[in-house]
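Can you keep this structure in mind? I'll have questions shortly.
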Amino acid sequence: MLGPAYNHTMETPASFLLVGIPGLQSSHLWLAISLSAMYITALLGNTLIVTAIWMDSTRHEPMYCFLCVLAAVDIVMASSVVPKMVSIFCSGDSSISFSACFTQMFFVHLATAVETGLLLTMAFDRYVAICKPLHYKRILTPQVMLGMSMAVTIRAVTFMTPLSWMMNHLPFCGSNVVVHSYCKHIALARLACADPVPSSLYSLIGSSLMVGSDVAFIAASYILILRAVFDLSSKTAQLKALSTCGSHVGVMALYYLPGMASIYAAWLGQDIVPLHTQVLLADLYVIIPATLNPIIYGMRTKQLLEGIWSYLMHFLFDHSNLGS
C-alpha cells in the first residue's frame, strides 16, 4: 500500500541524478570507451542482421524472422541506456528528467521481457525443425509466427504496465540521487517515501515466473532436440544440428546468466554483493548480449554470414561506383 493519500505532483522531483558505478568513478572514462565500442559493435552487427534478412526473400524462414526481431529488440535495449551511461561516464552529465527516467525504465525492462519470450519461440523453432522436419512449414506458418511474436509482445506489455503504474504512483520526496547507471526499477524503488515492497515483489515474482517458465520450456525443447539428434544415423547430420543449436544455446547463456545474477544480486543487498558489482552486472547485462548475439549467429550460421558479407560488398561497391 502507498499509505496515506499523497499529493503526487508535489512529491515528484523534476529530475533524478544517476551516479554511475559507485566506487569506480576513477574508471568511468575507461568504462565509457569500452561501452562506446561495444555499443557501436552492437548497432552495426544488429543492423546488418536486420538488413541482410529483410532484403533477401530467401531468408524469410521462421528462424531468420525471429532472429531479425531479436536483433531489433537488442538495438532497443542497448539504445535505451548506453548513450546516457556514456554521457555520465565521460562528462558527468548525470541529470535525467523524471519522465525520461521512467520511460527508460519502461523500455529497458520491456525489451528484456520481450527477449526472453523470443528465445522461447526460437527454441520452439529449432524443436520443430529438428524433431518434425517434414511438418516444419505446415506448423510454423506466417500466421503462427505473427501470433507468437504478438503473444510475446503482449505478455511483456502486460507485465510492465502494472509495474510502471505502481512506480509512477510512488512519492519521491527525499533524495533524487539514483545509485545506478540507468533507471533500473529496484534502484528507483529504494528512493520512494512510501513502501516500495508491493512493486518490488511484483517485479521479482513476475520476472521469476516469466523467466522460470521460459527456461523450463526451453530446457524441455532441448532435451527433445538432443534425443532426436543422437538418433540420427549420420555423424555429419548430428554435427550440423548441434552446430545450429549451439549458437542459440550460447545466446541464451549470455542473456539468462548475467540477467538472473543481476536480479538476485540486487535483492541480496550490498552486505553480500558489493554495490559496484551489482551496478556493473546490470550494466553489462544490457549491452553484452546485444554486442555478442550478432557475432555468435553470424559466425555460426553460414547462410547469414554469407548474406551479411554479400550485402556489405554490394553496399560498398555500389557506392564506390556512384562516387566515380
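Every residue gets a Cβ built from N, Cα and C, even glycine.
Quantities reported herein were computed from a predicted structural model and do not represent experimental measurements.
From Swiss-Prot, for reference:
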type: TOPO_DOM; residues: 1-29; note: topological domain 'Extracellular'
type: CARBOHYD; residues: N7; note: N-linked glycosylation site
type: TRANSMEM; residues: 30-50; note: transmembrane segment
type: TOPO_DOM; residues: 51-58; note: topological domain 'Cytoplasmic'
type: TRANSMEM; residues: 59-79; note: transmembrane segment
type: TOPO_DOM; residues: 80-103; note: topological domain 'Extracellular'
type: DISULFID; residues: C101-C193; note: disulfide bond
type: TRANSMEM; residues: 104-124; note: transmembrane segment
type: TOPO_DOM; residues: 125-143; note: topological domain 'Cytoplasmic'
type: TRANSMEM; residues: 144-164; note: transmembrane segment
type: TOPO_DOM; residues: 165-200; note: topological domain 'Extracellular'
type: TRANSMEM; residues: 201-221; note: transmembrane segment
type: TOPO_DOM; residues: 222-241; note: topological domain 'Cytoplasmic'
type: TRANSMEM; residues: 242-262; note: transmembrane segment
type: TOPO_DOM; residues: 263-278; note: topological domain 'Extracellular'
type: TRANSMEM; residues: 279-299; note: transmembrane segment
type: TOPO_DOM; residues: 300-324; note: topological domain 'Cytoplasmic'
Are there residues at least six beyond either end of the transmembrane segment (279-299) with Cβ under 8 Å to its Cβ atoms? List them, or say none.
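Counting only partners 6 or more residues beyond its ends, the transmembrane segment (279-299) has Cβ contacts under 8 Å with 20-22, 24, 35, 38-39, 41-42, 45-46, 48-49, 67, 70-71, 74-75, 77-78, 80-82, 85, 108, 112, 115, 179-182, 184, 247, 250-251, 254-255, 258-259, 261-262, 265-266, 305, 308.
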Using all protein chains in view, find how many other C-beta atoms are within 10 Å of the C-beta of C101 (disulfide bond).
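So the number of other Cβ atoms within 10 Å of C101 (disulfide bond) is 22.
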Please figure out which one of 30-50, 59-79, 104-124, 242-262 racks up the most CB pairs under 8 Å against the transmembrane segment (201-221).
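The listed stretch sharing the most Cβ pairs with the transmembrane segment (201-221) is 104-124.
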Please average pLDDT over the topological domain 'Extracellular' (263-278) for the predicted structure.
73
Please identify the stretch among 59-79, 104-124, 144-164, 242-262 with the greatest number of Cβ pairs below 8 Å relative to the transmembrane segment (30-50).
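Result: 59-79.
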Counting across all protein chains present, how many other Cβ atoms fall within 10 Å of the Cβ of C193 (disulfide bond)?
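There are 14 of them.
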Under a three-state reduction of DSSP output, how is C101 (disulfide bond) classified: helix, strand, or coil?
helix
